[in-house]
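Taken from TrEMBL, the feature Fe cation binding site applies to HIS276, HIS327, HIS405, HIS596.
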Amino acid sequence: MPIEEVSQIGIDLPNIGVPVKQNDLFATSTQSNNTLRHGLVGVLAFAVFVVGVAFHRRQSSAAHQRLLPLDSVSTREVPVKDVNYIPAEQTRVGQFEVDEQIDFLLDDFKKGWQSQSNEFDYVFTEAMVEGQIPEDFPEGTLYRNGPGLLETPDGKAINQPFDGDGYVCAFKFGKNKTSFSSKFVRTEGYMKEQEAGRALYRGAFSTGNTTGSWFYNPFDMNFKNIANTGVVAWGDKLLALWEGGLPHSLDQDTLETRGIDRLGDVLPAKGEFAAHYRTIDGRFVNFGAKSSGTDLVLRIWEFGAGGFNVLDYTEHTVTGEPFAFVHDFLVSENYYLFYLNPIELDGKQFVTEYLFAKTSIAECLKMKPGKAGQWYLVPRGEAKARGEQPQRIGVPLGITQFIFHHANCYEEDGLIYADSVCLEGGMDFSANLDSVTRGYFRGSGYGGTGPWTGLFRHVLDPVKGTVRRYRLADRGCEFPQINNNYLGKPYRYVYAAASATRGPYFGPNMGIMKKDLLAPEGYQDFWKAPSARQYSGEPIFVPKVGAQEEDDGYVLSLMWDAEVNLSYLAILDAKNLQRGPVAKLMMPHHLGFGLHGSWKPATA
């Protein structure tokens, strides 16, 4: 059976196997601890629409013709019209035209995940700005969130960054000044541990426990809400997000924690609200995923512009997939798209190790041998009104991949085009800062030990129940972002934090890539950090004042320079990344790598 005709009917649905102490703490939150089933589904641990839809459909149709399916082994000649692009032949997945060597220090990468126990509030002086912030850069705020403390209050290291307490930052761009501020999210767990001066909770990802005792919280399956993954301003609220529990509300100006926010009792008292949301057609769309032990329950909300008034609500149970680890999702005109990762719980390890605190719950999650993932389509809009039911479309057997993050999706001519970063070879939940080696950063299918992490497109046919997969770029990358005015619509550009090399080496991220979806996989506009000791964070696209085209704007990325242990915010011209930053906001301190961020225009 050819790859493009693998039907959802042919997918075998498997059975399920069994900080430095702060002295100014305030604003205590009130949420109780989350149970095991809340944490299992994901505990991760980011202008105006002015171009006509017809124009984008012409462009996207051309893009479809230029891409090659996985089972097509051929090359294509493309004229080199832009010096920013590096010409290369497009080849089948599993092959690379180039195999560049990577240059980085492993200790540098590990130190990038270091604590920042201080909180800041200052204005950038002229001496702190290299270059010049463009005149058409809009007023607004870049918010970022990520783990701030990677050690317990009594100084024991946390070897998995996903378990660090949330630390929210704000870069505010005004008419006459640009400022920076940061604060820890004062969750209930954070406050209690700071007061106790030691760890009180297990980490969901950290190996074993931080006390060294086999009987650290034995049989205790609670986690603290660490509020460390995402952050978004919508209406008058600023929310710190962690998909294992409820959001925390912060003050948009001071970043002070207001506490757990159920959005006016919309969210269940012990519910979940994902760290990845979508804003489409003036709506804020998000989901919550809860494992029942045998199934996965998806709750999806659509909120109106400027607030959290519910415009639509959908709830569905995905049978037989309690541990699918749904971290992100996509929204098109007629569907919500979820990728169900083929994950199962190792029951033996859970009983013999986890219950006695000898391992983390994440380490008990394994890729299902010989099983493929599935796309789960939930109808919305007109499809929901027509009475369509959710459906599963399985990727071809033999393709082993794990998906954390999606870029975008859209519908055209009855098909759905979904673009995501895929981890080829699957996810190893035991990987941490103690175990990672240089070999991890080369794909396991190419002589290394880690999953090759890159940008792929899945083309789904809801009528036939089939899917085809393409590789979009030959450079390893993560944290895909787009111009959010094009969410759910035909579009052309994806931005991502990316490897300095092309080919089997996929990281760590040491630059920013702009992928033109009209060009073959070897064509990328790429800015490489000026030294092998600088690392890039998630890129955030900001439309410029008076933007007319999709890439009229700037890309913001928080950088860390290991040589001096300082961070800076790079501002790049989205039309020409390779020229380098038009401005750098130099910071007198470091910030950890962080996770996800968002942009809030001053007028929103």
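For all residues, glycine too, the Cβ spot is worked out from N, Cα and C.
All annotation found in TrEMBL is predicted automatically rather than curated by experts.
Counting every protein chain shown, the Cβ of HIS276 (Fe cation binding site) has 23 other Cβ atoms within 10 Å. In the structure as shown, the Cβ atom of HIS327 (Fe cation binding site) sits within 10 Å of 24 other Cβ atoms. Note on the binding-site residues HIS405, HIS596: the fewest other CB atoms within 10 A surround the CB of HIS405.
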